Amino acid sequence: MSERIDLDAHGKAPDAIKAWYKRWQRKQSSAFNASPSVIGCASNLEEDHLVRAVIEPRLSDIGKVFGDFMDGHLGAGDHVPTQRVFEVKSLPGLFIYPNILPEPLQLRLLDKLLHRDLSDPQHQTNVHLHYDVPYGAPRPHTQGKYISFFDPVARTFPVKPKTSHTALNVPKMLDKKLRWMTLGGQYDWTAKAYPASPPPPFPEDVKNLVEGIFPMKAEAAIVNIYSPGDKLSVHRDVSEACAQPLVSISLGCEAIFLVALEDGPAYSTSTADAGSAVTTSIKGDNSGHGKLRTAVIRLRSGDAVLMSGEARYAWHGVPRVVANTCPDFMRSWPAAAARASVGTVEERYEGYRGWMAVKRVNLNVRQMFADVAVEGEGSGADDDVSAAGKGGEATSTENIA
Ligand code: OGA
Ligand code: MN
């Protein structure tokens, strides 16, 4: 069931959770490669002491959803996932969809997010906070669309600092500076709220893809772009005015994803697993409770995680993106896997060949409002935020690197 937890967005994570996160951040890669407490999250994920398999009936028609997203170009040989998803035993409501997105679809999703949506001036990015971001009007070769920032034409566009920020150009912006972009509801990191003004429409094809797979409405998204060394501090996402599930899709390099709840008065529902091996007991913290229920998940390109029920408001973060783990089929993006022929659209992106090899992209999708009932909602998340409680609701999310 969905717990209505304290929504104080300025609340800091309990010390025990911060300490646990720090321990994982300091670990050598070899430690989490070998550890039996890390949920592997591969296509061969099997039921064990950490996860239970669940059949998700919504996935019976997934081939159609994928086909629509690919304009019918999903090959017959392309893998279509099974209906099996995995629920984390220690955190009911936390579901893993291993390897849910076929490879060609992952590439097309990157194209849509980073060529099309990034070059749409309606979508804010962290760069906008300090720079005037330049947009290139459509050219004949872009078929009516804005120019992708990865297009050679955009290389020399001026990225002008608004205040005393260091000089920037488009290649540097893409390689180093770009950290997030918002779709749909444009979350305002300064005000810590969604603005009252109507948001730009959520990109329709991405919306149909997400809603075709998961039991929620895609109304706002943060696209996180991780470069080597980037992490995401422990936070919980509480700015949305409803408790519908949140969906996180991973592309590119692998990540260590930590999720935790501290048992105590705020989480008074005890579960059958409360005393299991996955309950971590931390002594000497000053939280007053000392019992954490935790999950460590290794997220690979094409995996998705759904946070629902009590896990919807769990503390979570990404202490590590694992170097050299971008899958081969994606490493050359935005250039084509094989050297593209002269004059093709793909050939225009040769200058950024391998950009994706060191990156991780996370599409983090939220439903903002509870006014529309979601059919087939299986995880029991209820829409129990009172209208009075949501004005100017803020979050402790720290996506700004
Ligand atoms: C977020 C988030 C997780 C990830 O954007 O709020 O938790 O895997 N992202 O990047
Ligand atoms: Mn989050």
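Glycine residues also receive a Cβ, built from the backbone N, Cα and C atoms like all the rest.
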Kindly point out which candidate in HIS141, HIS316 is recorded by TrEMBL as part of the Fe cation site with HIS235, ASP237.
HIS316
From the ranges 277-301, 377-401, grab the one TrEMBL calls region 'Disordered'.
377-401
Could you say whether, by DSSP, HIS235 (Fe cation binding site) belongs to a helix, a strand or a coil region?
strand
Taking the Cβ of each of the binding-site residues and counting other Cβ atoms inside 10 Å, which one has the highest number: HIS235, HIS316?
HIS316
